[in-house]
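Okay, handing you the structure first.
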Amino acid sequence: MAAAPLSFHEDVHREIVYAPRFTLPSPVVLNTWPFTAATNHAFDVLRTPGQSVLDAVEAGCNICEVQQCDFTVGYGGSPDTSGETTLDAMIMDGHDQSMGSVVYLRRVKDAIRVARKVMHHSSHSVLAGDGALAFAKMMGFHEESLTTPYSTQLYLQWKENQCQPNYFKNVRGQASSCPPYDPLPPHTVTTNMDPRQAINQHNHDTIGMIALDTHGRMAAGTSSNGASHKIMGRVGDAPLPGAGCYVDNDKGAAAATGDGDVMMRFLPSYQVRLQAVYQRFHNRHLV
C-alpha cells in the first residue's frame, strides 16, 4: 500500500521541512504548511506512471497558486506599496541542481509553471519582472491582472491607516504617513518600528514543497506572493536557491519559510544540506 502524503507544520515564525536521502518503499511529499490539497495532488501525480518528481512539485505548488492558499500564495494577495500583487517561484531538480526561478512576476498566475519553463526552455536560472512576463507570454501563458477585490481592499485599508506598517526605514515620516519619503542623513538614529514585527503566518507565507520517489529522485519548489505591503520591486527568499529551498539527491532536501529578508542572508535550506554532509562525514570518522 502506498504511503499517505505528509504535510508537516509547526506554528513558528521560521520553519524548515527536511527530507533526508534514504531508501523508501513508497513516494513521499512534504510541504511547509497544512495545505493538504496541494500535498495530496502532488502525491497523486507522483504515483501516476510516467510522472516525475518535478511534475509532482510543479502540480502541487500550482494547486496553491490556483486556490490562493492562505492568500499568501498566488494571485489576489499581499499587495505591494503600489497595490499590485506580484509572484515569486522556484523549482529545482535534485539530480543536478538545475533550477528555474521567476522573481517579481507580474500579470501571470501560474508562477511555478513559468519557473519550470525557465528551467527547461532557457539557459538561465532566474528571470525577473517584465522580462519574466514576456518570457511567460512566449511560452503560451495568459496575461491577466493578479488584483482581486480582496487584495484591493487590503491595499485601501493600508492606505487609510497611513500606510502602517511598512518596510521603509531611516526616512522621514515612515511611521506616520504614506510614501514617498525623504531619506534621513547617514548614521541618523531613528526609532522607526522594525518592519519584521509586522510579519506573521498570515502575511508572509510561502508554500515550499519536496517530493521523493521510490528511486531516490528528489525535487523541491516554492511559490509565494511575498510580504503584504512590501516595497514595490521587493523579491523574497522563496525564489532564491538555498533560501527558499534546496535539493540534492545524494544528500537530501529542505524548504523554508519565514522572514525572507533575514533568511536569504543565511540560506537555511542549503545549510541543512551542509549539515547532512557534515553529519555523514562525522559518522564515517567516529572511532
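Backbone N, Cα and C define each Cβ position, glycine as well.
Just so you know, TrEMBL annotations are computer predictions that nobody has curated.
Model, not experiment: these values are computed from the prediction.
Pulled from TrEMBL, these are the listed features:
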ACT_SITE  Thr206  active site, nucleophile
BINDING   Arg234, Val235, Gly236, Asp237, Thr257, Gly258, Asp259, Gly260  substrate binding site
Determine the minimum-neighbour residue: among Thr206, Thr257, listed as recorded positions, which Cβ has the fewest other Cβ atoms within 10 angstroms?
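Sparsest of the recorded positions Thr206, Thr257 by Cβ contacts within 10 Å: Thr257.
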When a 10 Å sphere is centred on the Cβ of Gly236 (substrate binding site), how many other Cβ atoms does it contain?
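26, counting other Cβ atoms within 10 Å of Gly236 (substrate binding site).
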For Asp237 (substrate binding site) and Thr206 (active site, nucleophile), determine the Cα separation and express it in whole Å.
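Asp237 (substrate binding site) and Thr206 (active site, nucleophile) have their Cα atoms 9 Å apart.
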For the binding-site residues Gly258, Gly260, which Cβ has the most other Cβ atoms within 10 Å, all shown protein chains included?
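It comes out as Gly260.
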Would you find the one among the binding-site residues Asp237, Asp259 whose Cβ has the most company, meaning other Cβ atoms within 10 Å?
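Counting Cβ neighbours within 10 Å, the top one is Asp237.
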Using DSSP and three states only, what is Thr257 (substrate binding site)?
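DSSP call for Thr257 (substrate binding site): strand.
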